[in-house]
Amino acid sequence: MVSKPIFFLLLLAVALAVFQTRSLANAEDTESSSSARKPLVKIVKGKKLCDKGWECKGWSEYCCNHTISDFFDTYQFENLFSKRNSPVAHAVGFWDYRSFINAAAEYQPLGFGTAGDKLQGMKEVAAFLGHVGSKTSCGYGVATGGPLAWGLCYNKEMSPDKLYCDEYYKLTFPCTPGVSYHGRGALPVYWNYNYGQTGEALKVDLLSHPEYLENNATLAFQAAIWRWMTPPKKHVPSAHDVFVGKWKPTKNDTAAKRTPGFGATINVLHGDQMCNSGFDNDEMNNIVSHYLYYLDLMGVGREEAGPHETLSCADQEPFSSSSSSAPPSSGSSS
């Protein structure tokens, strides 16, 4: 039997070890946040470029701005997706803040969440996650916490009714025998050609192993952010560009009532399914509702969302209807 003095000494040793571990962790956190506040800076051809370490690495003008973790913290992620780990959810324990931040780190040097001031960054994160929340929600009208609290409830389509293999692309993106290319990820990827394109961009063999998107949350977020940042086809802008103001509408765009803003992101990602069908399109309105809800929860406020007419694509002609032919968007299930 251990004597009382020795027992108390053991307790003291354990307490001291825990204290030292926490102190070291806090020191690392402080060092990390300090490095985020003080980027490395150099001037190249008159342009200021910065490197903020792991979260915004690679000498970019965007890394001189606020990075996402400067204004979007774990508790905010938890607020936005408060019901994702409820017992009735379908991806319990899969999605988390760290996976999102690690995925975003690949694209912050390209302007994701860093293309302007802090407010602009917060709005873009809310916009992107608004799409994600809507597409992965299992919320409904009488759901606990309201229908908008159930984003990231899924990480895959639960009952696919086909393999989503298009043999037209058998030379470029051949289907792997027995593999199903149903929806997976944060912005669900469908069809073999979309898995092939996404895999090429991320340097992961998603054509052979589409299940990677339901097994790795960071990869699932990376695939979604890549889609947000990448033009879906020739002569069509990216969702990122139409949201942050990098896209300048042509005369044809203006005639088609396509204007920069959140509504145009819906057009880029889902135009042929949701746009130019009036204000009664439930899918479109659900995405808008998630965006406004997230703006409120992040402390930005929905009043910063912009004019009502730019929030949706109700009157916008789809980009795809006036562009060269290309595969439908990754989210298409038709």
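Including glycine, each Cβ sits where the backbone N, Cα and C put it.
Summarising the annotation, TrEMBL assigns compositional bias 'Low complexity' to 320-334.
The Cβ of C165 (disulfide bond) has C175, V179, Y181, W191, N192 as same-chain neighbours under 8 Å, each 6 or more residues away in sequence. Annotated disulfide bond per TrEMBL: C165-C175 (among others), in sequence order.
What TrEMBL records for C275-C313 (among others) is disulfide bond. Take the CB of C275 (disulfide bond) and look out to 10 A: across all protein chains shown you find 28 other CB atoms.
Here TrEMBL flags 76-303 as domain 'Glycoside hydrolase family 19 catalytic'.
Taken from TrEMBL, the feature region 'Disordered' applies to 307-334.
Annotation comment: TrEMBL describes 1-27 as signal peptide.
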For each of C175, C313, count the other CB atoms within 10 A of its CB; which of these disulfide-bonded residues has the top count? C313
